[in-house]
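Chemist: The feature transmembrane segment is assigned by Swiss-Prot to 36-56, 115-135, 144-164, 213-233, 235-255, 265-285, 322-342.
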Amino acid sequence: MKNSYINDNFIVSPLWTQAVDPQKEKKEKVVKILKIILKFTKLFIYAFLFLMGLWGCFQTMVDPTVKTSTTIGSGMEFGFPFGSTGDFRYDLTSGANNEYYAFTSTQWNISDYGPFFGLFVYPGAMLVLSIMYPLRDVWGGLDALLGIFVLLFIIRLITFLISIRSTMQSERMSEIQGKLAEINAKYKDVKKDMAMRQKKQLETQELYKKYNIKPFAMFEQMFVTMPIFLIVYRVVTILRPIKVINLFNIWALSASPLSEITSNLSNGGWVFIFFLLIIVPSQIISQKIPQILAKRRNANARALSQKGNDSAKKMRISQTVVMVVLVFVVVQSPASVGLYWFLSSLFTIAQSVIIHHYIVKRKTKGVSLEEKLRELGIK
């Protein structure tokens, strides 16, 4: 008598003999290729932006043809060709005996002032100029305010996904601090043991892989932020119509706050003290808000490793150094740069709040951030 019954019509194939779905295999190959293409595309874009930022920075320092001046009709200016509108605020013309370099609205090329001005500064300056001219007679320089606001809005819209990715990476890093602390405690006294150090490094890498953490992704925003700052800086300092504006009939956008306070204090320069009291705190707040919101989101994940504490400390120091440098630049630059800085800080605060509520909402609903990032193509 047989111990088992086998149905001839039912055949079970071992796993190793099961046929592979060719469509699935093809799809996986396509996805893999697309990921590689996306990776190298992002690498190329970031490298290009970084190099263009360096190009613009060095060109600003050494090229006399792109230097700016607070005096109208002097230095490099962007506007319409002479005689186009009949309005001296918009038509480019030099002052008497001034070194002058006209960058007109018809010069969309890289042969005159290089790729940084041709590819990046020109589109931004043209956008602001196109907004300001139809509104040229509005009160208090609101045309300049609107022009810079729209430029920043478009830039922030383009870079929003990068900001989300950077924030998500920081979020995940905060969430695994407890596990990192456990790994560091486990290998606390292995500084001279190369094998154990390698094992510790391997466990850390496995943890990063599990939570899809890419340490360098948190610095992506920096590669984009600095070139953008330089681009908008050049836009607001070379636009001729901005140089003639008194914002709210109080602050001359072509004037340097530091120069006005130190050399013209009793003759109206004192108003720039209030200008700085608005500009500088707004930027400090915009830097603190993301940190405060991150602490609220991760109130239960406070167990930081020593390495985590050191990294957080270094991050705070570097942010402080950058802040001090930017304050120095803004204080001695034309007030138009301060106006841009103020609007930028408002965008940063709004962006931080939006991302915060998005993350909290996802956590409340129990939706995996990983899944949503895949849907958005951010991961």
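Numbers run from 1 along the shown chain.
Heads up, the Cβ atoms here are built off N, Cα and C, so glycines get one too.
Each of these features: where is it, how hidden is it, and who are its neighbours?
Modeler: Residues 52, 55-56, 59, 66, 78-80, 85, 90, 103, 105, 107-109, 142-144, 146-148, 150-151, 154, 227, 231-232, 234-236, 238-239, 241-242 of the same chain lie 6 or more positions beyond the ends of the transmembrane segment (115-135) yet place their CB under 8 Å from a CB of it.
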Chemist: Looking only at residues six or more beyond either end of the transmembrane segment (322-342), which have a C-beta under 8 A from one in the stretch?
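Modeler: Beyond its ends, the transmembrane segment (322-342) has Cβ neighbours at 68, 70, 144-145, 148, 152, 229, 232-233, 236-237, 239, 242-243, 247, 251-259, 272, 275-276, 278-280, 282-284, 287.
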